[in-house]
Amino acid sequence: MSTHVPRRVALVTLGCSRNEVDSEELAGRLAAQGWELVADAADADAVLVNTCGFVDAAKKDSIDALLAADDLRAGDGEPAGAGPRAVVAVGCLAERYGNELAASLPEADAVLGFDAYPSIGEHLDAVLGGATVPAHTPRDRRTLLPITPVERGASANVAVHVPGHARGVAGGSAAGSPGRRRLTAGPVAALKISSGCDRRCAFCAIPSFRGSHVSRPADDVLAEAEWLAGEGARELVLVSENSTSYGKDLGDLRALEKLLPQLAAVPGIVRVRTVYLQPAELRPSLLEVLLTTPGLAPYLDLSFQHASPAVLRRMRRFGGSEHFLDLLDRGRGLLPGLGARSNVIVGFPGETEADVDILAEFLEAAELDAVGVFGYSDEEGTEAVSLPGKIAEEEIERRRVQITDLVEQLTATRAQERIGSRVQVLVEEITDGIAAGCAGHQQPDADGSCLVRLPGPAGAAAGPPAGGPSGTGQPGLPGQPGQPGVEVGDLIEARVVATEGVDLVAEFTAVLDRARPSAGRGEAAPSATGARATVLVGRPRADGT
């Protein structure tokens, strides 16, 4: 009889939803290589911290997470289970800084780049065995694949590893796993359709460590969508660095227009949401598909970054207030009431008070549902570092507060305008008769939420009442004979009756589509993501692309 004790690993994820997908790839690989995933870093033999390297605050959070993991480390002579014996950094911060990070942070036993992911278990074994694993040496990943987009596919995941694009990796929790293992059991799942970016925005360092744009083949994306549906996912959030570029390296500039209806038709999936859209590339045919295809979220996530044409030109971007408002008008002509979000940067070198006024006037006219406001800061390796016209940090902060205050007023007003309307809410949690989730115009974990008051005692229970069938897929009213109560994963309709900032408060009206039981669904693999009591100290939404 074997007495082998599986090695235990805790995964800690910081940063954006793309990093969450990468962590689930790492989880799948580790499970396939014999590792046991544990939720509490204190119970692990090794802690793997998937870092974020986007902005200074995210970098600090990543370093703090590594230091917190080191604080849990077992002392010399302590027995197994007394704490982790290895702390390893992966992710964007590790990829971007590599051996520099290793030299400045001896608390990390290893600093590994993306190309180490396929053999991640072997690297952890080596660290636990006392070996010194060479730190990653950073390279500009834009130089590692062919310049011509259509020539990249053959090299991706052969010459270099593209995180989140794994194919045929065993170890998922169901047969047919595409190489990832879910770390959360909720009804919303991120699905990576591409990685990298070919744009050269003056402020952005992401392409240098995420690389050139590489699309996943449509068959891979569809197979993973079907697997996620089998794992209990009901909404797919399509993530990338630039979703509008999807397919250009596959030889089909309209590949996304073809893929989206196929994803919306996957059995069990009730909503597909595309994020990280580049306004300059949002062609009319894609806009029409996004806003008229049944099953796609009524939603546009548009990376405006500013509204002054002069500032945008210095950013190496295109457009301005007039172009952006026209884009929103065309979208609302196709789908009145759509949700729209964006990010903006204030304090970019050369920005004037007049430019700030242009941005404010644009935001007042745009009627956006959510806006992320960032103050500019230099990112090493970017063109903007050397631009003239730098603005003092105090003035950048003043402008950030000014625009943030305006945005909070505008988005709260926008939410109030939805009072009396009916929204479709995907239930993510039920507590004391209140169902919490997101309406179609709200991106999960980004744009606020919707709290739905359920009718009577039937709604207070997460499970069906005695004698009521579950997972029928049929609409109905909770509490009626033969009808179950509302459950997590149900798509329900509700009438908005009040607001709290950007959050909506609504009254239940009907179940539109019930969560279906799945033979492939099981317990999600444990993860230290979100476990503030152990390691994770913060997760900013790092998506300024």
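Each residue, glycine too, has its Cβ placed from N, Cα and C.
As written in Swiss-Prot, here are the features:
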BINDING   Cys16, Cys52, Cys92  [4Fe-4S] cluster 1 binding site
BINDING   Cys197, Cys201, Cys204  [4Fe-4S] cluster 2 binding site
COMPBIAS  455-464  compositional bias 'Low complexity'
DOMAIN    7-129  domain 'MTTase N-terminal'
DOMAIN    183-414  domain 'Radical SAM core'
DOMAIN    416-510  domain 'TRAM'
REGION    454-486  region 'Disordered'
REGION    516-545  region 'Disordered'
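Between the alpha carbons (Cα) of Cys52 ([4Fe-4S] cluster 1 binding site) and Cys204 ([4Fe-4S] cluster 2 binding site) lies a span of roughly 14 Å.
Across the domain 'TRAM' (416-510), the prediction's mean pLDDT works out to 80. Fewest Cβ neighbours within 10 Å among the binding-site residues Cys16, Cys92, Cys201: this applies to Cys201.
Separating the Cα atoms of Cys16 ([4Fe-4S] cluster 1 binding site) and Cys201 ([4Fe-4S] cluster 2 binding site) is a whole-number distance of 19 Å.
The two recorded residues Cys204 ([4Fe-4S] cluster 2 binding site) and Cys92 ([4Fe-4S] cluster 1 binding site) have their Cα atoms spaced 13 Å from each other. Helix, strand and coil counts under DSSP for the domain 'MTTase N-terminal' (7-129) come to 63 helix, 24 strand, 36 coil. For the pair Cys197 ([4Fe-4S] cluster 2 binding site) and Cys92 ([4Fe-4S] cluster 1 binding site), the C-alpha distance works out to 14 angstrom.
All protein chains considered, the CB of Cys52 ([4Fe-4S] cluster 1 binding site) has 26 other CB atoms within 10 Å.
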